[in-house]
Amino acid sequence: MEAPWRQGGRGRGRARPGEGFAARAGAAARPPAARAHGSACVTAAGSSGETVSELSSQKKFDEIKKANQAAAKKLVEDQFSSSSEEDDEDAEVKQGKILAKTFTIYTSQTDGDASELERTRQYMNEAFQSGAMTCLICIASVKRNQAVWSCCGCFCIFHLVCIQKWAKDSVFLVSSVTDDDFGKKDYPWPCPKCRFEYKRSETPSRYYCYCGKVENPTLDPWLVPHSCGQICEREFKPPCGHKCLLLCHPGPCPPCPKMVTTTCHCKKARPVPRRCSAKEWSCRLLCGRTLLCGQHTCENPCHAGDCQPCPRVSKQRCICGRQTGERLCASPQWQCDQVCGKRLPCGNHTCEQVCHSGPCGDCPRSGKRSCPCGKSKFTLPCTEDVPTCGDSCDKVLECGIHKCSQRCHRGPCEICRQEVEKQCRCGKHTKRMPCHKPYLCETKCTKIRDCQKHQCRRKCCSGNCPPCDQVCGRTLGCRNHKCPSGCHRGSCNPCPETVDVKCNCGKTVIKVPCGRERTIKPPRCKQLCSRPPTCHHPTQEKHYCHFGRCPPCRQTCQKTLTCGHLCPVSCHDEALVKQRGSHQSAGPWEQLSEPAFIQTALPCPPCEVPIPVECLGQHEVSPFPCHSANPYSCKRFCGRLLACQNHTCMKECHHVTKLNGSADGKKAGPECLQCEEECTKPRPPGCPHRCVLPCHPGDCPSCLQMLKIKCHCKLSILYIECLKLTSADLKEKELLISCKNQCPKELPCGHRCKEVCHSGSCPLNCSQKVKLRCLCKRLKKEIQCSKIQEGRVPLECDALCKEMKRKASEIKEAEAKAAIEEEKRRQQAELEAFENRLKGRRKNKRRKDEVEIEQSSWQKYKNLIMLPVLGVAVVMVAWLMVYND
């Protein structure tokens with residue numbers, strides 16, 4: 001709430017409640033020329049229509065728009081330029097630099113010790129803190145660019161205009177009530193906070209910095225608000241002869257940091273250098289000074305000021321010396337409660353004083369004494385009383401007007417009983433009545449009291465109406481309390497109450513004027529947040545006290561997963577999850593709303609801890625995430641040695657159950673493949689059979705099969721035990737394979753070998769008798785074949801043979817000629833037939849002319865001969881393949 005005097009100019013020009021801040025700012029900041037020009041444009045438009053071109057109208061509109069925007073921007077800057085609104089992190093860093101710069105000269109004198117600056121630091125922090133600098137008169141923030149005044153008693157800061165009006169109103173109220181000659185006396189005015197009184201001549205009229213050196217200090221963002229930036233140089237309190245070394249600052253000056261050489265209180269210790277602000281010190285030795293009793297010495301440690309009274313107890317006589325008692329040594333003078341009782345000099349009376357020292361004095365009844373009314377004096381012995389004089393008393397009665405009409409008498413006079421014409425206090429009525437009785441009429445005063453609101457309403461008021469005794473009761477600017485003062489004129493005093501604005505935990509508290517607690521930001525608490533964690537962790541992450549929800553927990557989850565490991569990801573008990581399907585749009589024209597997020601606990605992700613896992617066949621060990629760390633197949637062949645001891649398992653890597661008593665991990669298990677191959681071990685030389693057993697360990701059994709084999713001559717088939725054949729030597733094999741028949745092989749000469757079936761080539765000495773013929777085959781002769789082969793017995797033709805040979809050649813020549821002629825005739829016949837066909841002869845005629853060509857015997861019977869031969873050849877080839885296998 002602002003004071004009424006600050007609301008000037010807000011009557012007719014006040015914005016309507018519905019208008020926004022920017023609109024009010026633009027309207028308030030619009031230049032008068034622009035407003036006048038706008039009204040002129042409207043008038044011209046209404047009278048003569050569009051007389052201005054579109055271009056010039058747009059230009060003027062832009063100028064007015066720029067002016068309004070600039071004014072609104074300036075108003076916003078002024079509105080939010082308070083030093084209390086810089087509360088972000090950058091402002092804190094800047095504030096720290098300004099404070100360090102302000103304390104530099106002081107800390108250089110104290111070797112960096114800033115412990116004595118806490119009170120001054122608090123005032124300076126309030127100068128920067130949001131809402132801390134508040135004018136208690138108008139209950140508004142004190143901004144950087146406003147003129148201020150600081151009280152020298154409580155160092156509270158007020159607006160300069162506010163304190164001027166406060167001083168003027170205070171002096172006016174006091175003088176209007178107490179001063180008959182209004183405005184002539186110099187009444188003081190108090191500080192609104194501490195009530196420190198200032199003279200009327202001390203009313204501030206100009207804006208100075210805190211130290212009072214610079215008038216109207218310039219606004220510098222790198223200085224404390226309302227500071228000139230120079231060294232303070234104010235005298236320390238209490239005065240020590242030194243001056244403040246801080247830069248111009250709010251609040252009280254810190255203690256003097258200068259070093260002085262001083263001794264202790266008792267002056268016994270040697271002088272030592274100490275801070276001027278703490279130059280009074282105690283050496284802690286016994287004081288030893290003589291006390292006021294004159295008998296004992298001070299037993300307290302070295303102290304400041306006078307020694308304390310002697311605490312010892314001793315027997316002391318009273319003043320009159322009649323009684324003796326134990327009394328403190330510090331107070332030897334004491335009175336007993338007995339009356340003196342000594343005989344006075346008159347000899348008739350005794351002293352009536354209580355225990356006293358010195359002589360008792362003369363008798364109080366001796367000398368000249370007056371009568372009760374004081375008109376007559378008598379000289380009488382002290383044993384006689386003074387008689388009355390018999391004259392009238394004439395003492396002024398209590399009414400102050402009449403005198404006592406009785407004769408001289410002892411004791412007080414009676415009340416005044418004379419009847420007089422009395423006027424009431426207000427002067428409106430008169431009445432005869434005893435003088436001692438006051439006369440108050442029943443007429444009520446209708447004058448307005450000093451509050452200028454209520455009538456006096458006191459019966460028979462004298463005209464000097466008392467101050468209004470009603471309570472003001474108006475709501476103060478804080479909007480929380482009502483004015484407790486008596487009814488008065490003008491604005492009420494600021495609310496004297498202060499409100500504690502606390503942080504969330506309540507350990508950090510700042511006091512603000514009542515009414516500012518709704519707008520000021522809570523203080524930043526440096527205490528750690530003490531709220532219980534909302535997740536499963538026993539403690540929260542360390543963070544400062546705050547309002548609202550705690551920040552999301554960033555600790556590792558550490559929940560025990562089903563595998564036994566701890567979850568390594570950040571805490572996910574309060575994860576923000578986008579809510580899906582919460583709202584279904586009515587159509588494409590509906591604007592998409594912001595996605596809604598809900599806070600929910602997410603399950604722990606699968607464990608990703610690498611676990612070494614051996615494959616099923618124990619071939620390799622590979623790291624796998626814990627959630628998928630199950631036995632796996634490495635896709636290799638099993639490779640375990642089967643029971644046959646010859647082959648390995650060719651199955652893909654698989655689990656193998658170890659048999660009891662099997663220590664070798666390379667042997668096949670029941671899950672491995674069973675060897676179904678034949679035995680492939682090498683057979684004995686010459687044995688064509690396979691092992692009758694399937695693949696087996698150890699040596700193969702002896703081959704007992706009958707070997708079907710041809711003899712040396714390849715004509716007979718013999719059946720011999722394979723064992724005998726493979727175990728026999730060369731001679732025995734030669735005999736076993738022989739069929740014992742004559743060798744059917746032909747010698748080079750063409751005769752059959754005469755030897756028994758044998759291996760190798762036959763002997764060349766043929767003894768067979770053969771007939772040798774001549775070349776023409778007419779002559780013949782029997783000769784041994786071996787000799788013929790040697791060429792030792794040639795048989796030549798005779799003459800007859802030659803003649804027969806000549807005739808035979810002639811016959812062959814004749815047959816050849818006949819064949820050639822026959823071929824020519826055949827070709828001629830074919831040519832004629834072809835020509836006849838070309839000429840288109842009739843069919844029956846062509847048939848007659850056709851010449852049949854006789855086929856040869858080979859062409860007639862070749863199909864009948866070739867088919868059986870090919871069939872036999874195929875059968876023989878198939879039989880040979882089967883036999884070789």
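Note: Cβ is positioned from N, Cα and C throughout, glycine not excepted.
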Suppose you had to name the range TrEMBL annotates as region 'Disordered'; which of 1-58, 175-232, 291-348, 813-870 would you pick? 1-58
Range annotated coiled coil in TrEMBL (choices 413-460, 749-796, 797-844) is 797-844
Report the DSSP secondary-structure composition of the domain 'NF-X1-type' (535-555) as helix, strand and coil residue counts. 0 helix, 1 strand, 20 coil
Would you list the DSSP helix, strand and coil counts for the residues of the domain 'NF-X1-type' (346-365)? 0 helix, 2 strand, 18 coil
Using DSSP, how many residues of the domain 'NF-X1-type' (399-418) fall into helix, strand and coil, respectively? 0 helix, 2 strand, 18 coil
Which whole number is the mean pLDDT over the domain 'NF-X1-type' (749-768)? 81
Do you know the DSSP helix, strand and coil residue counts for the domain 'NF-X1-type' (451-470)? 0 helix, 2 strand, 18 coil
